[in-house]
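Visitor: Below is one structure. I have some questions about it.
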Amino acid sequence: MAASKKPRLRLRDVALCRLLSVVFVTLCGVLLLIFLLASNSTSIGTHDVGNVDAYRHDLKFAKWPDLPQLNDLSLRLEKLNRLPPRNLDLHPTLAKDHIIVVLYVHNRPQYLKVVVESLSRVAGISETLLIVSHDGYFEDMNKIIDGIRFCQVKQIYAPYSPHLFSDRFPGVSANDCKDKDDALKKRCEGNPDQYGNHRSPRIVSLKHHWWWMMNTVWDGLRETRDHSGHVLFIEEDHFIFPNAYRNLQVLTSLKPRKCPDCYAANLAPSDVNSRGEGWATLIAERMGNVGYSFNRTVWRKIHNKAKEFCFFDDYNWDITMWATVYPSFGSPVYTLRAPRTSAVHFGRCGLHQGQGENKACIDNGMVNINVEDPDTVSNIELDWEVHTYQNQPGYKAGFKGWGGWGDDRDRHLCLSFAKMYHSKGTAYPL
């Protein structure tokens, strides 16, 4: 009897051990799943995070030691940058050969309302992606963008904006030199520009934001880094006419044949006060800064001149391009445009103004821009010849810059933006 009970005890013990093993493995699996879900979740306010996991690697980003350490707000903004575009339910697909539109903004909500309203009336805008690049985080600006329903829209925020750092570089540091301080006598930090003035974070943010945006749009975002067509760049004080997108499609298609030496296509004349000649001909001229577009080939040429861009002592990105980057290409940098403008610069307040006590940057809160019938449909004829302007006035090689960009920290941060989406083995030559 005793001998016959022993095997039963062993079988019962074996079964119990197996049961405990299964329970243990299951419990470990559950705990591991909970840990993974917790580590992948992010709290980023009221924005939709339903598809954020699919965009976890949206920014092809390699940390470089030259970049400043992000603060809590910057880290949250980087997470927002990874979100997919909104309005995918309303506009699930993009048209073939679409031209991406990038809107470069700071904090002028009364301006932004005008440009968004004008974009809503643009023929073909629903076919493409609108990217809004913010220099800082401002709720009034976000509310306006949140109201967009006319196309896919993606917001990105410059995480190294001086406006996000209140107590250290790239913002204001306690030991920063100010105005025309002598760094040795004051024992303060900073390098003056060519006129003896030290950096102003509010001013240098203009150039930092533009350069960060360009590198991010062309090389960092999942939605754009494989885009080979043109990208259109506009700003928060550019009124866009209803025919702008259709005209730009025509210009980019005609450019290889009509103006093979043109680097870009523009919506407006380089002279911001001009509405165009009204001739029956296309215009090739110096590249303007209102509604400019170019492709990845041109971006590579610009990116290869990162050192020239980052070390030129002028806080304006456009003057930097005209005075040092474009001349370094070795031949005139022409852009192709129509003889009638499709965009207008309406800003009365420059240098990120318009959000102080006096908000009258727009007359009576309104912009009175006359949109005529020819501005509502594409008005370019395919058989037009090209009239080329040569030796136009404007900033050229030899101009030494307006200053504001003499601090070594700004220059090296600028260079870091050029490197941040490229490994050391594949970085383009500086």
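The backbone N, Cα and C atoms fix where each Cβ goes, glycine too.
TrEMBL does not curate its annotations; it predicts them automatically.
According to TrEMBL, the protein carries these features:
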type	residues	note
TRANSMEM	15-38	transmembrane segment
BINDING	D135	substrate binding site
DISULFID	C177-C188	disulfide bond
BINDING	D237, H345	Mn(2+) binding site
DISULFID	C259-C262	disulfide bond
DISULFID	C310-C414	disulfide bond
Visitor: What does the structure give for the C-alpha distance between C310 (disulfide bond) and the residue listed as 'substrate binding site'? Integer Å is fine.
Guide: 18
Visitor: Among C177, C259, C262, these being the disulfide-bonded residues, pick the one whose CA is nearest to that of D237 (Mn(2+) binding site).
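Guide: Considering only the listed disulfide-bonded residues, the nearest one is C262.
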Visitor: As a test of the contact definition, list every same-chain residue at least 6 positions from C262 (disulfide bond) whose Cβ is closer than 8 Å to its Cβ.
Guide: K255, A284, Y334, T335, L336
Visitor: Nearest to C177 (disulfide bond) in three-dimensional space, by Cα, is which of the recorded positions D135, C259, H345, C414?
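Guide: Given the candidates D135, C259, H345, C414, the nearest one is C414.
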Visitor: Listed recorded positions are D135, C188, C259, C414; which of them have CA atoms within 10 A of the CA of H345 (Mn(2+) binding site)?
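Guide: So far as Cα distances go, none of the recorded positions lies within 10 Å of H345 (Mn(2+) binding site).
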Visitor: Can you tell me the CA-to-CA distance separating C259 (disulfide bond) and the residue listed as 'substrate binding site', as a whole number of Å?
Guide: 35
Visitor: Can you check which residues sit near C414 (disulfide bond), meaning Cβ under 8 Å from its Cβ, same chain, 6 or more apart in sequence, and list them in order?
Guide: K207, H208, W211, A306, F309, C310
Visitor: Which is it, of C177, C188: the one of these disulfide-bonded residues whose Cβ has the most other Cβ atoms within 10 Å?
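Guide: Of the disulfide-bonded residues C177, C188, the most buried by Cβ count within 10 Å is C177.
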Visitor: Please report the Cα separation of D135 (substrate binding site) and C188 (disulfide bond) in Å, rounded to an integer.
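Guide: Rounded to a whole number, the Cα-Cα distance is 27 Å.
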